[in-house]
Amino acid sequence: MQNKDACKSLSSWVSLSISLLVLTVPLIWPYNSTAFPIYAQQNYESPREATGRIVCANCHLAKKAVDIEVPQAVLPDTVFEAVVKIPYDTQIKQVLSNGKKGGLNVGAVLILPEGFELAPSDRIPPELKEKISNIYFQPYSPEKKNILVVGPLPGNKYSELVFPILSPDPATNKKASFLKYPIYLGGNRGRGQVYPDGSKSNNNVFSASTAGTISQITRQKKGGYEVIIKTTDGREVTDIIPPGPELIVSEGESIKADQLLTNNPNVGGFGQADAEIVLQDPLRIQGLLVFFASVILAQIFLVLKKKQFEKVQLAEMNF
């Protein structure tokens with residue numbers, strides 16, 4: 001009985017510790033509070049919409065290029081690598097959630113064909129493990145092992161990511177077939193401009209909520225600004241600008257509704273790319289090799305037969 005109580009107490013303590021860790025991590029590293037792809041996992045059953053749009057684009061509004069490299073074809077039950085490239089100028093800095101400047105983080109979601117999944121550690125060759133380094137990949141959900149997510153990671157170290165992938169074997173996986181399959185990639189560098197609830201992050205532009213004249217601008221102690229706009233009917237409307245964006249207006253200036261009050265601090269962006277891969281049937285390859293061998297042998301026999309015929313003709317002419 002005492003052992004059961006002790007186990008319950010230990011379990012409660014572990015749960016409490018994990019909860020506290022989850023709550024305090026964003027406070028210690030505030031720039032991860034808008035990190036991807038955790039928002040997509042929490043809010044969407046699938047990261048790819050019916051239109052082909054990856055949901056990360058809902059929060060990361062700017063477009064930037066990404067690239068993916070995979071083999072043209074793979075054999076069943078084989079480990080191969082998918083190389084994801086998220087290029088950007090590593091010298092640039094982004095606005096963090098506290099308004100300060102810092103390095104960009106990167107992340108990616110890789111949507112594989114059904115049956116393809118993250119390769120088990122004991123199946124990954126040593127040379128591939130070196131390329132992966134200490135990167136932690138995870139499935140999008142327990143039901144969607146073919147969708148892999150990674151990040152956020154320091155962009156200056158991981159602008160190129162290597163995913164270890166295990167191909168399915170149609171002999172044991174009835175859902176897999178020897179076909180050509182599409183692979184979809186979504187990759188991002190930097191923080192998002194919008195939170196999942198639709199509110200703006202401080203990595204966005206801010207505009208005036210009403211038309212009027214800016215009567216007062218007050219810089220806040222923790223950063224950011226309080227902009228008071230006096231309307232034509234004498235009302236005073238206060239717009240709050242969080243730390244990060246810089247004001248591009250001044251006191252006494254007349255402004256219109258929705259006129260920009262700040263610059264655009266965002267230096268990152270999200271991009272999509274796709275590729276194709278063939279799950280190749282080994283018997284098909286063997287059949288192709290046999291066909292090529294038969295063609296080569298037929299050519300050899302044809303040449304030999306021709307030479308033999310020429311020798312016979314030459315002998316008859318000499319006779």
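Just so you know, glycine gets a Cβ as well, placed from its N, Cα and C.
Some features that Swiss-Prot has for this protein:
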| type | residues | note |
| --- | --- | --- |
| SIGNAL | 1-35 | signal peptide |
| BINDING | Phe36, Cys56, Cys59, His60 | heme binding site |
| TRANSMEM | 285-305 | transmembrane segment |
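Fewest Cβ neighbours within 10 Å among the binding-site residues Cys56, Cys59: this applies to Cys59. In the three-state DSSP scheme, Cys56 (heme binding site) is classed as helix. Cβ-based neighbour count (10 Å, all protein chains) for His60 (heme binding site) stands at 27.
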